[in-house]
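These notes concern the structure reproduced below.
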């Protein structure tokens, strides 16, 4: 059983949803980013998505684009992101880490080398937003062969004809993007999310995590009553942007994570 399978199974037994937190690797700098990463589990994060900075983050809203820019300006590379996971794993062998980003940096790094190093570092899953199922052979197949889950995004515009193809080789969990568009924009109604999850469950037994637009403990609690996982990214990244220094960024991100975790746990079904 993979770390992701284990974590979702444990939470299902507890009768609650997972808090899935997103931060960009290297934002606002390597050391502060690593401190945030190491602090997230104790602050209540059940699964961590770690963004791989890329110069053209087309699916991301302004907050995460700016986070990517800060990370790249601070010298973050894919090699450093993998090193960050290695350092995290020294003290934490249980919290799943999912790398999220775009295919280009992985292609440049070399797929075979990336998969080998990601596995060795302790990466549990990948979300590659610009790699559709038609290109499974390029990364999804070798990643899954190495024991790394490949997590698919589905959206309100993914129709019933397309869903089976998208979900066919998915593993770990399904990431439902509750608002079509870029990250951090708007939020979906609970009625819409309820319908969407019911539709997804007709096609998959995988846990379903819902993200995009969730910013407050109250919103997190509302989604936690419906989904297997609640994904929060832009709200955490905004705390880094607003902080006066790296120390404040660490403190504020972990404080918000703790509040979100309280919301998710209060919604135990």
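Keep in mind that glycine also has a Cβ here, set from the backbone N, Cα and C atoms.
Listed in Swiss-Prot for this protein:
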ACT_SITE  49  active site, proton acceptor
ACT_SITE  60  active site, proton acceptor
Residue 49 (active site, proton acceptor) falls, by three-state DSSP, under strand
Once DSSP output is merged into helix, strand and coil, residue 60 (active site, proton acceptor) belongs to coil
Here the 10 Å Cβ neighbour count for residue 60 (active site, proton acceptor) comes out at 25
